[in-house]
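According to TrEMBL:
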ACT_SITE  Cys30  active site, nucleophile
ACT_SITE  Cys33  active site, nucleophile
DISULFID  Cys30-Cys33  disulfide bond
DOMAIN    1-106  domain 'Thioredoxin'
SITE      Asp24  site 'Deprotonates C-terminal active site Cys'
SITE      Gly31  site 'Contributes to redox potential value'
SITE      Pro32  site 'Contributes to redox potential value'
Amino acid sequence: MAETVEFTDSNFRDETQTGLVLVDFWAPWCGPCRMVGPVIEELASDYAGKVKVGKLNVDDNQQTAMQFRVMSIPTVILFKDGEPVETMIGAQPKSAYQARLEKHVTSLVS
């Protein structure tokens, strides 16, 4: 099972600079975030070697959350080579995240 990365204000830029990176912006007190958490873990396993997957606690890392204008959580942003290419706000089913990921994973191999 693939591990998720714990993103912080200090490591965020380096960790998201290359390739596809899926970031779950969350907080421990957020009920919908706790529902999305297991889905994010599954995606990390499903896309191991293709997409780096991790989480950023917005309470502890407000600078990065503000930089990407995260106003509500959960917000999941897909980065490609350091740039946001997909933003998904609110709890969504795994299939919704997969559909967004597949667009970009497929374009890497085409």
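Our numbering is plain: 1 for the first residue shown, then up by one each step along the chain.
Heads up, the Cβ atoms here are built off N, Cα and C, so glycines get one too.
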Note: in the chain of Cys33 (active site, nucleophile), residues six or more apart in sequence with C-beta under 8 angstroms of its C-beta are Asp24, Trp26, Ala27, Ile73, Pro74, Ala91
Long-range Cβ list for Pro32 (site 'Contributes to redox potential value'), cut-off under 8 Å, min separation 6+ in sequence, same chain only, gives Ile73, Pro74, Gly90, Ala91
Students should find that the Cβ of Asp24 (site 'Deprotonates C-terminal active site Cys') has, within 10 Å, a number of other Cβ atoms equal to 26
Averaging pLDDT over all residues of the domain 'Thioredoxin' (1-106) gives 94
Lowest 10 Å Cβ neighbour count of the recorded positions Cys30, Gly31 is held by Gly31
